[in-house]
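Written out below as structure tokens is the structure these notes cover.
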């Protein structure tokens, strides 16, 4: 009888999890691995495809409006293009490079010691080069429309101050990077084995939602590679005048999201001091 009671009272086993060890600041061993260069290629190609599809969508929308045709995809469609492409590309590249596709995401993961400094820097280079090539392809395919319709470049819209634009970029990037941390949290993955498969969905949806809020202000940066690619290929004064906002804002937002997730939600600083024991039911 006691045996039956003890069996009935047993709880289903809880999946254990362990945080991966922090990446070393300088991991030169990565430079000898083919998987490292494969990841760089994946980031380059993913960012190229991201910029090609999204900037082509922006230019197509503006062309239809300028020609007094139907309104095209509209701002909602543009937001879906950005969010949908992130969903697709993160799904395709997460197992190869982590699916960053954004220097701000890479910075946030570096600050959380998820990637080494060498990997972070070279990822950013690959992302920026991919963005430039992707926008260049758009210009090559639709040169007249590209040059006459703003080139998909991020600028501070009329009626908004640079301070407002900076704040919008900080908050928008915070939402994105915070979502990345939450969707890829190893503790969440340990509880539910299907979470890693679904991780691209909330990340893409976060990009979609942030675009809805920020397109009227800056055209939505939250990705310095996206902003740089369009600015380099369009190469006009206004995008360059506002360009610093599209680096400072996303990087500050990424830093804030990394600090919030690691030191508030995960209590990393307190755990390191040995004065806090996390509740396994959390």
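Placed from the backbone N, Cα and C atoms, the Cβ positions cover glycine too.
Features reported for this protein in Swiss-Prot:
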type	residues	note
TOPO_DOM	1-38	topological domain 'Cytoplasmic'
REGION	1-21	region 'Disordered'
TRANSMEM	39-59	transmembrane segment
TOPO_DOM	60-71	topological domain 'Extracellular'
TRANSMEM	72-92	transmembrane segment
TOPO_DOM	93-120	topological domain 'Cytoplasmic'
TRANSMEM	121-141	transmembrane segment
TOPO_DOM	142-162	topological domain 'Extracellular'
TRANSMEM	163-183	transmembrane segment
TOPO_DOM	184-196	topological domain 'Cytoplasmic'
TRANSMEM	197-217	transmembrane segment
TOPO_DOM	218-244	topological domain 'Extracellular'
TRANSMEM	245-265	transmembrane segment
TOPO_DOM	266-282	topological domain 'Cytoplasmic'
Compute the average pLDDT of the predicted model within the topological domain 'Cytoplasmic' (1-38). 68
Where else in the chain does the transmembrane segment (121-141) make close Cβ contacts, counting only residues six or more beyond its ends and a cut-off under 8 Å? 39-41, 43-52, 55-56, 59, 97, 100-103, 106-107, 115, 147, 151-152, 224-226, 228-230, 232-234
Secondary structure split (DSSP) over the topological domain 'Extracellular' (142-162) reads 10 helix, 0 strand, 11 coil
Intrachain residues whose Cβ lies under 8 Å of the topological domain 'Extracellular' (142-162), provided they are six or more past its termini: 54-56, 58-60, 62-63, 66, 135, 216-221, 226-227, 230-231, 233-234, 236, 238-239, 242-243, 245-246
Residues of the parent chain within Cβ reach of the transmembrane segment (197-217), under 8 Å, 6 or more residues beyond its termini: 75-76, 78-80, 82-88, 90-91, 94, 99, 156-157, 160, 164-165, 168-169, 172, 175-176, 179-180, 182-184
